[in-house]
Amino acid sequence: MSVKNAMTADFLRSAYGGESMAHMRYLIWGEEAENSNYPNIGRLFKAIAYSEHIHAKNHFNVLKEDLYDSSVVAGAVFGSTNLIDNLQGAINGELHEIKQMYPVYLETARYQEEKEAERTFHYALEAEKIHAKLFQDAQDSAKENKDINIGKVYICPVCGFTTLDENIEQCPICGVKKDKFQAF
């Protein structure tokens, strides 16, 4: 695949960088949560890290025929303090993607008729809405010195859709059957 428009290509690189960093940040914060006796919050971080990996991979694959050196600028929370603050950093990052980043990227791709970029931005935007809610629920529990009470976390391997619903039959974003989902 190749992208014809420089602005959409820049947005794909930026989104790739942001999702890549979120992936690593959530893995680190997940380990810290587990080490602080919050195994379910740790598992939630790791599951959502997998979703962010899928988003980064999707963005990358739209540009994979455009191989050249490029700076990737992506602003994000860096570091780690405590569980509550880490969850707030995750919430803030997800809300930035939902309210600012992906709506602009999606509309630009749509305007520039970049169908593959439009698809990957749509997938990420819809999944991030769920991530923000799950992180908020986790933070609410952590503020009460409790781990979040959740069963398995299911991630769609195509779009990164995230759900706690074990009875879901297929992804509501991309249509993939649940038997393909990764469970955490």
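The backbone N, Cα and C atoms fix where each Cβ goes, and this holds for glycine too.
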Of the candidates E52, E166, E169, which one does Swiss-Prot list alongside E19, E97, E128 as binding Fe(3+) 1?
E52
For C156 (Fe(3+) 3 binding site) and E52 (Fe(3+) 1 binding site), determine the Cα separation and express it in whole Å.
11
Using C-alpha atoms only, work out the spacing between C159 (Fe(3+) 3 binding site) and E52 (Fe(3+) 1 binding site) and round it to an integer in Å.
9
Just to verify a number: CA distance, E128 (Fe(3+) 1 binding site) to E94 (Fe(3+) 2 binding site), in angstrom, no decimals.
6
By DSSP, what is the split of the domain 'Rubredoxin-like' (151-184) into helix, strand and coil residues?
3 helix, 8 strand, 23 coil
